[in-house]
Amino acid sequence: MESSFGLLLALLTLTIIHIVQAQDPQGFISLDCGLPANETSPYTETQTGLLFSSDATFIQSGKTGRVQANQESKFLKPYRTLRYFPEGVRNCYNLSVFKERKYLIAASFLYGNYDGHNIAPVFDLYLGPNLWAKIDLQDVNGTGEEILHIPTSNSLQICLVQTGETTPLISSLELRPMRTGSYTTVSGSLKTYRRLYFKKSGSRLRYSKDVYDRSWFPRFMDEWTQISTALGVINTNIYQPPEDALKNAATPTDASAPLTFKWNSEKLDVQYYFYAHYAEIQDLQANDTREFNILLNGQNLSVTGPEVPDKLSIKTFQSSSPISCNGWACNFQLIRTKRSTLPPLLNALEVYTVIQFPRSETDESDVVAMKNISASYGLSRINWQGDPCFPQQLRWDALDCTNRNISQPPRITSLNLSSSRLNGTIAAAIQSITQLETLDLSYNNLTGEVPEFLGKMKSLSVINLSGNNLNGSIPQALRKKRLKLYLEGNPRLIKPPKKEFPVAIVTLVVFVTVIVVLFLVFRKKMSTIVKGLRLPPRTSMVDVTFSNKKSKRFTYSEVVQVTKNFQRVLGKGGFGMVYHGTVKGSEQVAVKVLSQSSTQGSKEFKAEVDLLLRVHHTNLVSLVGYCCEGDYLALVYEFLPNGDLKQHLSGKGGNSIINWSIRLRIALEAALGLEYLHIGCTPPMVHRDVKTANILLDENFKAKLADFGLSRSFQGEGESQESTTIAGTLGYLDPECYHSGRLGEKSDVYSFGIVLLEMITNQPVINQTSGDSHITQWVGFQMNRGDILEIMDPNLRKDYNINSAWRALELAMSCAYPSSSKRPSMSQVIHELKECIACENTGISKNRSLEYQEMNVSLDTTAVPMAR
């Protein structure tokens with residue numbers, strides 16, 4: 001282990017040296033991606049004076065390339081080479097940064113037909129576990145992405161993800177630390193949309209003109225007049241725009257007209273932040289006044305009063321909160337006030353769009369532990385790059401993770417390094433994965449003793465150390481711990497002695513076992529004989545009896561009278577028709593009448609009546625009475641005037657589309673009803689047919705579970721039992737229950753997860769137009785893209801809290817997890833739904849959209865890479 005520590009220390013020292021080499025005195029990180037090993041690194045880029053270094057020590061994979069020779073002269077040196085990634089789906093740069101410090105991060109991409117195929121690559125760019133942008137290199141001059149972002153850990157991972165047949169590539173990667181307190185947001189990061197200064201002719205301004213190496217592009221329009229000064233302009237506010245940009249300004253040629261910028265958004269409700277920099281650079285006469293207001297689509301943004309420029313000194317208007325154009329067209333204007341004698345002026349303008357990164361990075365201590373484990377064993381796996389847990393489809397192999405709350409860091413719960421050719425002792429770094437539940441190190445060449453720390457890991461429930469060369473004794477702490485411990489195939493390991501039982505006790509146990517087996521066999525045979533003597537269940541139903549004799553029992557003629565001869569149909573189900581009725585003159589009821597052709601019979605009828613007679617909960621439909629007369633069976637229960645949830649989600653029958661807040665409340669109320677069945681009943685019950693059509697709504701849209709014909713009891717919390725028949729509705733049915741026949745409360749949890757996905761997306765559970773794909777498949781695909789707007793029901797018109805939506809979506813997917821052991825209980829579901837509602841009620845991030853692609857608008861300027 002000392003040698004491993006020495007190697008790790010040497011690697012750490014080497015990394016620090018390379019980080020220092022990649023930084024200049026301003027703390028900049030400038031990487032020339034794909035710089036050949038035979039070229040000098042670091043080198044000074046002649047036009048900017050910036051120090052660029054090779055990217056080789058910041059990434060584990062990729063190959064180097066160079067743009068075609070006939071294109072090299074058009075581009076600066078850092079953009080002539082590139083790194084491309086023919087292997088692996090995700091390839092990531094790992095950069096050391098300061099946690100909670102704001103950085104300007106710029107990534108540049110230039111294809112340059114380096115491979116001679118003349119096929120422009122298309123791929124995704126990720127920041128940690130979140131999608132940053134979609135890269136399409138159709139432009140021969142390349143493209144760039146720039147963002148202002150605050151890392152949540154001391155490690156920043158920038159990843160290129162293959163999405164099709166083409167190969168991802170990158171030309172340069174640059175990080176610039178920004179001044180504390182600048183470019184603040186309510187939430188999210190800022191993606192650069194435009195950064196302009198106003199001059200009729202000019203070149204791109206960046207370092208050393210701009211101390212933060214921001215790129216400023218000249219812009220001017222025919223209806224403007226340029227004013228300039230040769231004097232110095234003080235630019236030392238928190239944003240510190242370049243002085244060269246402030247020595248010129250634009251004013252409208254028509255002094256009474258506004259100074260106007262127009263563009264069209266590619267998406268509705270994009271959120272913007274504006275930073276307008278202005279300084280008075282004209283000599284004003286004694287009676288001259290210049291003041292103006294800043295407006296967006298007619299909304300006055302100068303809420304503290306008109307903007308008044310200072311003589312040769314910068315002022316900056318900044319958005320205090322995100323602003324939307326509320327449509328496709330955006331109209332940003334500076335309008336003079338009535339008392340102003342001069343038109344408005346503007347020296348420079350920055351426009352950013354908000355981009356949300358909702359997914360938290362994997363817990364930092366878990367990530368460090370995995371890196372240390374990898375270093376200890378010399379593991380080199382192509383997919384062990386980027387965030388270990390998310391996106392889910394890119395999760396590191398050998399790992400399982402859990403993440404009940406999207407805003408909290410995911411945790412690693414399972415590590416499987418079986419048959420990985422591991423040598424040495426069991427790595428001490430494993431103990432740093434504090435929520436690890438399963439550890440499999442079997443069939444390697446591990447030596448040494450079983451470490452004491454394994455017995456102190458509270459979450460560990462399964463340890464497999466089979467097939468190694470471990471020695472020594474098993475630690476006392478591990479022997480006392482109640483877990484599954486596999487140690488076979490370790491011949492040098494001293495196993496604890498087996499406890500010997502007295503012969504008399506063994507004999508007694510064997511005798512009792514034989515007696516029990518004989519009794520069970522006898523009882524099964526008797527049950528078979530009795531069952532053979534029973535009459536078919538549908539020959540007559542007059543024998544149906546119920547445990548509760550106090551309920552109202554209707555005659556068939558009373559049912560006819562209550563329903564006015566079955567005049568008004570409310571719906572139809574597997575049981576039969578449901579009719580509207582009235583009892584006691586004014587009390588409205590719903591009457592479910594068993595159809596003679598129904599696939600359900602007296603057994604389901606009796607089950608529903610028995611359950612409704614003994615359960616009483618505000619979120620379960622109440623039974624008024626029943627009819628059992630000859631072959632006529634009917635249930636009479638309370639009438640819920642707003643019908644079922646499915647109708648309202650679809651908008652069928654003129655039903656209104658319910659908003660997001662009400663949907664969350666309905667979900668919570670349905671969950672409360674299920675929780676009562678699971679833990680409030682004796683014995684506990686499972687519903688077995690949870691779906692949107694079985695969630696009914698009263699006049700106040702209060703939710704109540706209905707249709708208990710398939711409900712069954714089970715032994716208790718966390719347990720399951722075999723079900724002789726598989727029942728439920730296709731798409732909502734727990735696949736694990738379907739395959740195993742095991743019935744438990746987690747079967748209802750799965751169905752509830754599907755219901756919640758329906759409420760979130762308004763997508764069909766089974767999409768028959770897409771090869772019968774399931775809703776979980778569609779949602780999983782969209783989640784991996786990171787765009788919540790593509791997932792949410794468009795009928796909601798984006799009127800929801802982004803964080804609340806993400807939390808609900810994560811909860812739904814955890815409920816619908818294939819393995820029932822990984823699903824939450826209904827009590828946990830209720831807790832999470834309450835958190836979602838609380839998050840929604842805060843109003844934070846309301847109407848916040850996600851913007852990934854740079855807009856192609858009339859203010860067009862070329863992003864880096866930049867031609868000479």
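The backbone N, Cα and C atoms fix where each Cβ goes, and this holds for glycine too.
Since we're looking at a predicted model, the values are computed, not measured.
According to Swiss-Prot, the feature topological domain 'Extracellular' maps to 23-500, an assignment based on sequence analysis.
The annotation topological domain 'Cytoplasmic' is assigned in Swiss-Prot to 522-868.
According to Swiss-Prot, the phosphothreonine annotation covers Thr555 (among others), on the basis of similarity to another entry. Thr555 (phosphothreonine) has a Cβ environment of 12 other Cβ atoms inside 10 Å. Annotation note: Thr555 (phosphothreonine) sits in a coil segment as assigned by DSSP.
The domain 'Protein kinase' annotation in Swiss-Prot covers 564-834 and rests on sequence analysis.
Under a cutoff of 8 A between CB atoms, and with a sequence separation of 6+ in the same chain, the neighbours of Lys572 (ATP binding site) are Val578. Residues or ranges marked as ATP binding site by Swiss-Prot: Leu570, Gly571, Lys572, Gly573, Gly574, Phe575, Gly576, Met577, Val578, Lys592.
Among the features that Swiss-Prot reports, phosphothreonine is placed at Thr724 (among others), with the record citing similarity to another entry.
Cβ contacts within 10 Å of Thr729 (phosphothreonine), excluding its own Cβ and spanning all protein chains shown: 19. Per Swiss-Prot, phosphothreonine is recorded for Thr729 (among others).
The C-beta environment of Leu570 (ATP binding site), restricted to residues of the same chain at least 6 apart in sequence and closer than 8 Å, consists of Val578, Tyr579, His580, Ala590, Gly643. A separation of roughly 16 Å, to the nearest angstrom, links the Cα atoms of Gly576 (ATP binding site) and Thr729 (phosphothreonine). Residue density at Val578 (ATP binding site): 21 other Cβ atoms are found within 10 A of its Cβ, drawing on all protein chains shown. Classification of Thr729 (phosphothreonine) by DSSP places it in coil, neither helical nor stranded. Reported as a whole number, the C-alpha separation between Thr555 (phosphothreonine) and Thr729 (phosphothreonine) equals 32 Å.
In the predicted model, residues of the domain 'Protein kinase' (564-834) average a pLDDT of 83. A simple way to gauge crowding: the CB of Gly576 (ATP binding site) has 19 other CB atoms within 10 angstroms, across all the protein chains here.
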